[in-house]
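What TrEMBL shows for this protein is this:
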DOMAIN    A:56-380  domain 'Tryptophan synthase beta chain-like PALP'
MOD_RES   A:K90  N6-(pyridoxal phosphate)lysine
Amino acid sequence: MIQLPDQNGRFGEFGGRFVPETLMNALIELEEAYHRYAEDPSFQEELSYLLKQYSGRETPLYYAERLSKHLGKAKIYLKREDLNHTGAHKINNALAQGVLAKRMGKNKVIAETGAGQHGVATATVAALLGMECKVFMGEEDTKRQALNVFRMQLLGAEVVPVTSGSRTLKDAGNEALRYWVSNVDDTFYILGSAVGPHPYPMMVRNFQRIIGDETRRQILEAEGRLPDHVVAAIGGGSNAIGMFYPFIEDKGVALIGVEAAGKGVETAFHAATMSKGTKGVFQGSMSYLLQDSFGQVQEAFSISAGLDYPGVGPEHSYLKDIERAKYVPVTDQEALDALQLLCRTEGIIPALESAHAIAQVVKMAPSLGSEDLVVICLSGRGDKDVESIMAYTGGKQA
Amino acid sequence: MNLIDQTFSRLKEARETALIPFLTIGDPDVETSVEIIAQLEAAGADIVELGVPYSDPLADGPVIQRASQRALKHQVNIRSCMEAAVKARSAGVKLPFILFTYYNPVLQFGLDRFFDEVKKHDISGLIIPDLPVEESAELLRRAEAAEIHVIPLVAPTSKERIKSIVAGAKGFIYCVSSLGVTGERSSFYEGVEEFIGQVKEFTDTPVAIGFGISNREQAERFSRICDGVVVGSAIVRTIEESIPLLQNADTRQDGLLQIRKFVSQLKA
C-alpha cells in the first residue's frame, strides 16, 4: 500500500494545507521536526515511558461478557481508553505533541477544546513538562463545562473564552490558529484531533495508532484471530483513526465510524458530516464538511460536545470514498440508551462520545452470529458527562 | 491590459503610492457597500478590495470578523459581492476591483464557473488568504486563462519561500506587515523594512503592504518603501461606527462623508 499522506499532505484529494502564508513555514518546520524525532530512539523511549508510567498504558482489551450476552450471540470487546490518565485517549496525542514541543525548544503550548477533554489533557501535559499553557474554549462551552474550566485552571493553564462565531469548538479552533499566527515564533499548537492542516492529521494518527496496535496484538492473544468489526465514534476522528489505521490492510476487518446524528439526520440538528456533508476546505484541510451551497460552514449539533463539530479528519474522508471504512449516524437518544445499557450490564459509565459507538453495536447485534468478533473503542469515561446526562434525562433513569 | 496593471503604471509615472482600501461587502447591506465604494474612489482610493463575508475567517481579527457576521445575517454571499462590483461600475466607479475571499466559497462555486463570473462582473484580481502557493496550481491556471490576477501574500515568516511565491506573480505582491491576523496595530514586525527589501530583490511586480495599517503616519512610512498600502480594519471599523448614521435616511450622507473623510486623510 502507498504510504499516505503524500508529500503534500494529501490522502487522495483530501487533506493539504489551506492556511495563511504566515503559518506555512511553521507547518513545514513541524513536519521536519516530527520526522526527525519520530525516528529518534530517545524520543520514543521518553514517550513510551510516559505512556506507561504516567498514563497507565497499555490499556486493557476487555471482553464485555454481560453486554455480549445481553445483545445476542456476538463476542464484544471494549478497548479501555477510558482508563488512561485524564480519562480518555486524548492524552496519547497530548503527551506526544508535548514532548515534541519540548524537543523543538518551544516552551509555550496552546490548544483548542470543546467539552474540555483535550484542554485538560494539554493542561496536564504542560504541567508535567513545565510549559506555559493557554487553552481556547468557546464561551458557550465554558458555561456548559464549568467544571472542566476549573480543572484546567487548577492544572495551571489559562482558559481563554472565545466569543467569535458560534462560540463553540470550531471557533475555539479558529481562535487557536489565529493566536498561533501571531505567536508562531515561540508557541507550539497542540491540536487535539486528526484534523487541520498537514502534518497534523498524519501526526495525530501516528500518535493515536497505539490504540489500534495494542488492540491488534491483544485480540490475537485473546482470540487467536482478528476481529470482524471494529467500531469507533468519530467527531474529528482521532480515536477512530488511531484504532482503524493498523487494521487498514486487513481487508476482513470491517471498520465502522459512528458520527453524531443529534436529533436526527433529517433535522437541522446533527453533526453527521459523513452522511450529510459535502467536500470543502475547513480549518486548513480539504475534507467532508457541513456547509451551505455558498461554502459557509454550518453549526453542528450533538449532545456530545466531543462530536459537535462540522468537519472531519481528511483521512476518514478518504477511507469513506475508497469504501475501506463505513460511517454511520447515531442519535442522541440512541447514544443515551446505549450509555445506560453499558452502565447496567458492565458497571462502566462511558463518555457520551464512546456511547455512540456502543449504540451502533446495539443496532448491529441482531444481525451478528456467534462467530462474530466485535471491538469497540471505548474512547473515554463518562464522569465528565454525568451532569449533562442528568440535565437531559431530568435526573430520571431510562 | 488588466486594470490593476494600468493603475500601477499610471501611479508609477506620477510617482504615487496606491491606496488600496478594503471593505466587507454587505456590511451593513450591499446597497450601502456600493455607495461606500464610490466614496472610497472619491477619497483617492486607487484599487478596492471587496471582502466576501465568511463564517470562519481565519486570517482576520475581531473587526473584520464582526463585519462578516453582520453581512452574513442577511445572507450576503460570493455572488452578491460580485454583483456589488457591477453595481458600483454602473454608478460610475472606474477603479479596479479585487475580490478578497477565503477559498471554500470559491471551491463551492466551482472553479470554472467562478472565473466566468469574475470576468463577467468586471473584477480584475483575487486575494485568497488561505490558499498558499502549494495548493494554488489549479486555480492559477484558470486565472491566467481568464486574465485575472491572483495576488500572492508574503509574510515575514516566508523567508526562503519568498522566491517561489513571487515567481511569475501578477498585479502586485501583498506583503503582510506583521505576524498575526488583520487589525489595527501600533507596531509592526521588527524587520519589516528588510523584509520588503528581500521581497523586492526577487520581483519587479509592484509591492504593497497591509495588515494593521490604520493611520496617515503609518501609510506615509510605508509609501516610501512600497508601491501600495492596503488599509482594511481601520476602514471597516469606521464603517461600523457609521452604521447608526447610515441606517437613518436623514443622516445617511453624514455617515458616507465620515467614511470618505477618514479615507482621504490616509492618502499621502
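Quick reminder: no glycine exception, Cβ is built from N, Cα and C everywhere.
Remember, TrEMBL labels are computer predictions, not curated facts.
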List the same-chain residues at least 6 positions away in sequence whose Cβ sits under 8 Å from the Cβ of A:K90 (N6-(pyridoxal phosphate)lysine), in sequence order, or say none.
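In sequence order, A:Q117, A:H118, A:V120, A:A121, A:G192, A:S238, A:G380 meet the Cβ cut-off.
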Need one number: mean pLDDT over the domain 'Tryptophan synthase beta chain-like PALP' (A:56-380).
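Averaging the confidence scores along the domain 'Tryptophan synthase beta chain-like PALP' (A:56-380) gives 96.
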Tell me the coarse DSSP state (helix, strand, coil) of the residue listed as 'N6-(pyridoxal phosphate)lysine'.
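For the residue listed as 'N6-(pyridoxal phosphate)lysine' - judged by DSSP and reduced to three states - the answer is helix.
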